[in-house]
Ligand SMILES: Cc1cc2nc3c(=O)[nH]c(=O)nc-3n(C[C@H](O)[C@H](O)[C@H](O)COP(=O)(O)OP(=O)(O)OC[C@H]3O[C@@H](n4cnc5c(N)ncnc54)[C@H](O)[C@@H]3O)c2cc1C
Ligand SMILES: Cc1cc2nc3c(=O)[nH]c(=O)nc-3n(C[C@H](O)[C@H](O)[C@H](O)COP(=O)(O)OP(=O)(O)OC[C@H]3O[C@@H](n4cnc5c(N)ncnc54)[C@H](O)[C@@H]3O)c2cc1C
Ligand SMILES: Cc1cc2nc3c(=O)[nH]c(=O)nc-3n(C[C@H](O)[C@H](O)[C@H](O)COP(=O)(O)O)c2cc1C
Ligand SMILES: Cc1cc2nc3c(=O)[nH]c(=O)nc-3n(C[C@H](O)[C@H](O)[C@H](O)COP(=O)(O)O)c2cc1C
Ligand code: FES
Ligand code: FES
């Protein structure tokens, strides 16, 4: 049994695997299948100040090796999150990352301030949601935007602050640097890539929102590249994600520079994916006589 | 039999299907399998002024639903192209798009001037190659870069000028507009997305160039989205590509806004892909009682 | 809710018509807890997303579930290629089924097209107390009429083109049946316009009505919020419920039909 | 070059050792034009890219090709799951084989590991005029020795760990064989360090030597320029040749071994 524990920005994880924000709700539904305590952590659904119903359905489409979603940040709002969801989650003996997604800097600051009063372990600031008209990706698309929102939220919280980056940019390493400068404790990437599918019979986009965010195995090479570029650009740790489906994928992303790994769309294909990935990592490490998962981080040797 | 003919920037194609630059060489090898005259057109391998050997091997890696390449513009140089390859191609009764990829504006202008003396039908200016250190994607990553190189090449040629855009940007519609303003007659998109894969046993990137361009079915939703965004931003026609594998994919990309469609990685899976796609388009149009392929272009109705 | 995920053996496969298949699957632990109106979430090999298919019959004794599905796209085409003896990856049983009223005297079950199969599990419960009104486009699409007859239920068949049964929409015999004797409940599954029309009739006549809704899904268990369906809350507010967990069966009155 | 693409029937499949398989495929139009040293480009179901596999035996009369491959990654694992009777998508025969010298008196065929199989098609041509030196890591990896013996060729077996045959690198018996009688030609296939060592010996001894090179491929027919292999031109310039079309068999002297 290899030692799978990792540390990200001072927070200890029993293993590096974290269901990604948005695919896992607040965990309840998966407790029917496995104990949440087996997970390294849980990233909760993006929270706004007030309740949001999200975009109109259909909100999902399949693509080769992946999928598109346009949920659009449906959530019960920060008060309901803190009162109804968090107390339950905080008992689960796993790291809780509260994903926040305000549509203005002020809104994000308010949410962070409210979370400051809770026991949540980390804040994951989503500056990269492609499915909302205001805020979301707009913050993450420029260095100035990323820097200013990070700086503001940084001031509002003493909790470890993870900033979640968008892949829909020309130079993600520059944005990573701006975020580091502004005080982020860690980065998480990648969020979804903006995509579209059309039903050719009806000549209408499949998603009611026309476009949506692409995730799943198809985007994995882009995630590996971006994690590697960011790891070369910043000193803060990176939580990698994007298309991770197997233990080997998680190991590859860690070699590229990730300290921990989130799993999204793969959970739709296999609801046990996070647990399977932990088991597969363990097995590969043992077979290759590697004692700790930690030593994988950033160990790729470029040509 | 539906009428498959299309017109792009004044050039008539017998059908909308064109093997993409880089996957089809100069066509010789595929003549063993089918007559080149069955194709709508052929986009030739990117040409520089002098001969280039390209990057070191390995230059290819497989990914879920796609692949990465890092060929890096190996080609015999413009003189050899004009003397040895073009005369043969020009006899093939299909539209020839000469793809050019200089590493400086001046180089692109020189190549365009040399092609001006030939019968080649269109010039496809590649401002988006992710696999070379100079030029390439650097031109295509900013509006100013795209505009200045397009303007310079525009002055150097009277031939229809197609500018090939990179998907590795924050806002492709803005770059499309800059290119239109600078005098492009058409756009082609998307080139490959920058990606990476690591061999976890050796902890080395699979590609000797570390990173490479991702193509194939996996990127199709991104191509549909970008073609749609550009079609909504410019008035010049668009040649769409990126992951097209079936006749239905080609139809979807045309509905998103493409007037013609290039086929790349799919040819590696099925060397008959372009011919099969033409047949499948024909069949779908007939089944759906659609008389011409032309009427597909831009016919999606957004929600 | 109690669900499991696993590979279950396909013990029988029948072709019920063009692009229409019936699967009988051996899955005792699912059968033990499944109820009419619930669905299974099947993974076609090679797909990222699972496909929701309603439960058609539940045989607790044999430990088998029956499903009926139409080939619509790539995933259902892959499923249609499976052979008896193959294994099927299912996450099931999911969702919220129809309310079962043990004391009901009269229940009307309404199915339209591929919405007909889930009515069978209900007909097997209500037997002679049920009237099944099923509608299809045309004769070749008609299915399961013998199976419904076997339950003892009264069956009324309609086709849009009159090639089999009544040349009528399902709402015509529904109104006639209500006139004859007001039912305790109406259960319905089918295309949204049909459900909307039935819901309107039920509301006007003051009959309790449940409808099974369709929406594209991700997780299938209520975690991803993909399968939104708009509901009117008592206070008039619009709320996005989720077909996979809050449904697929909803009280017809609560659905925001124009939302 | 003349090649075709199609689905060809796998008529026999043997397991030759751990993760090592032999396929016999029925493909008369390919067999008719195939030559030793050429390869086939096989598409595993679900892959984007084909896998190059060398031709091991060519039986023109039966219209069959034999291939031997090791399971290395996902694609070869999918191939290993095929059963006799299944169809295999091949683009073949591709590339440039070994120069056949009908008048040669003595040819040395050198194979290392999974580079051994292509030597069999040559041994079947040269028979007693051939000496086959094959090297493997260890006994369990040894293969095809009986088949080589049947051709009438002299066979010399080496293993890195001495568990079968000589405890030696293949270059040791090569030097010994050359000492005994200088061959007209050396043909080799195997890992690059082995080929480099053989090329050096051949050059020093002035023996014509051809080597089969490996590189990752896209199209397999010379169009995409993916499979670059550096060659020294006569003028000393370095040129990127392509394994799929200019090779896989190259004159050992022309390969830029350090490039
Ligand atoms: C609760 C529920 C119960 C259902 N019961 C049945 C049934 O008993 N028999 C039956 O034939 N069909 C049923 N359907 C519809 C069935 O799920 C779709 O026909 C099927 O998912 C289409 O998949 P595909 O691979 O053929 O299409 P594709 O177009 O390849 O599917 C792509 C994606 O879209 C989704 N999708 C496409 N159409 C639908 C749809 N109409 N509803 C939901 N998702 C869709 C798929 O699940 C998949 O995620 C049910 C749907 C729901 C929501
Ligand atoms: C001309 C030639 C002849 C060959 N002959 C044989 C043979 O007779 N028997 C045999 O077992 N192997 C042979 N190989 C090697 C064989 O092609 C690889 O082992 C195989 O492609 C690996 O595929 P995979 O699906 O197992 O690996 P994956 O890692 O899943 O493959 C991913 C991609 O990388 C490519 N790739 C990975 N390793 C290699 C490699 N070593 N060489 C070329 N491409 C590679 C694959 O083709 C595929 O495109 C030959 C290679 C070449 C170039
Ligand atoms: C249905 C769905 C909903 C998502 N919602 C959120 C969200 O609320 N906040 C967020 O930061 N990311 C959200 N994401 C993005 C994922 O957290 C993750 O970044 C992305 O899906 C890439 O990982 P994957 O390829 O493993 O899915 C969502 C993704 C999906 C598929
Ligand atoms: C091996 C390879 C080489 C390529 N070379 C070029 C090139 O020289 N010039 C160019 O503009 N695009 C080049 N491309 C990009 C393709 O023309 C096309 O834009 C891209 O592959 C997306 O299409 P696809 O998904 O259908 O492959 C190359 C692509 C591949 C796979
Ligand atoms: S499908 Fe995930 S919430 Fe319904
Ligand atoms: S693989 Fe395409 S040129 Fe060799």
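Cβ coordinates come from backbone N, Cα and C, glycine included.
Those TrEMBL annotations? Automatic predictions, nothing curated.
What you see is a predicted model, and the numbers here were worked out from it, not measured in a lab.
According to TrEMBL:
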{"type": "BINDING", "residues": "C:51, C:52, C:53, C:54, C:75, C:76", "note": "FAD binding site"}
{"type": "BINDING", "residues": "C:219, C:224, C:227, C:244", "note": "[2Fe-2S] cluster binding site"}
{"type": "DOMAIN", "residues": "C:3-100", "note": "domain 'FAD-binding FR-type'"}
Residue C:51 (FAD binding site) to residue C:219 ([2Fe-2S] cluster binding site) - Cα separation in whole Å: 10
Cβ neighbours within the same chain of residue C:219 ([2Fe-2S] cluster binding site) - under 8 Å, at least six residues apart: C:226, C:244
Cβ-centroid neighbours of [2Fe-2S] cluster site C:219, C:224, C:227, C:244, 8 Å, sequence order: C:217, C:218, C:220, C:221, C:222, C:223, C:225, C:226, C:242, C:243, C:245
Least surrounded among the binding-site residues, given as C:53, C:224, C:227, C:244, when other CB atoms within 10 Å are counted: C:53
Listed in sequence order, residues not in C:51, C:52, C:53, C:54, C:75, C:76 with Cβ within 8 Å of the centre of the FAD site Cβ atoms: C:39, C:40, C:41, C:42, C:50, C:69, C:79
Cβ packing number for residue C:52 (FAD binding site), 10 Å threshold: 23
By Cα-Cα distance, the member of binding-site residues C:52, C:53, C:54, C:75, C:76 nearest residue C:224 ([2Fe-2S] cluster binding site): C:52
Cβ-based isolation winner (fewest other Cβ atoms within 10 Å) among the binding-site residues C:51, C:54, C:75, C:76: C:76
Nearest-integer angstrom distance between the alpha carbons (Cα) of residue C:53 (FAD binding site) and residue C:227 ([2Fe-2S] cluster binding site): 14
Reduced DSSP assignment, residue C:219 ([2Fe-2S] cluster binding site): coil
Cβ-based proximity (under 8 Å) of the binding-site residues C:52, C:53, C:54, C:219, C:224, C:227 to chain A, or none: C:219, C:224, C:227
Cα-to-Cα gap, residue C:52 (FAD binding site) vs residue C:227 ([2Fe-2S] cluster binding site), nearest whole Å: 11
Alpha-carbon distance [residue C:227 ([2Fe-2S] cluster binding site); residue C:75 (FAD binding site)] in Å: 18
Annotated binding-site residues C:52, C:53, C:224, C:244, filtered by Cβ under 6 Å to ligand 3: C:224
Mapped DSSP class for residue C:227 ([2Fe-2S] cluster binding site), helix or strand or coil: coil
Length of the line joining the Cα atoms of residue C:54 (FAD binding site) and residue C:227 ([2Fe-2S] cluster binding site), in Å: 15
In three-state DSSP terms, the structure that residue C:51 (FAD binding site) belongs to: strand
Within the predicted model, mean pLDDT of the domain 'FAD-binding FR-type' (C:3-100): 97
Annotated binding-site residues C:53, C:76, C:219, C:224, C:227, filtered by Cβ under 6 Å to ligand 1: C:53, C:76
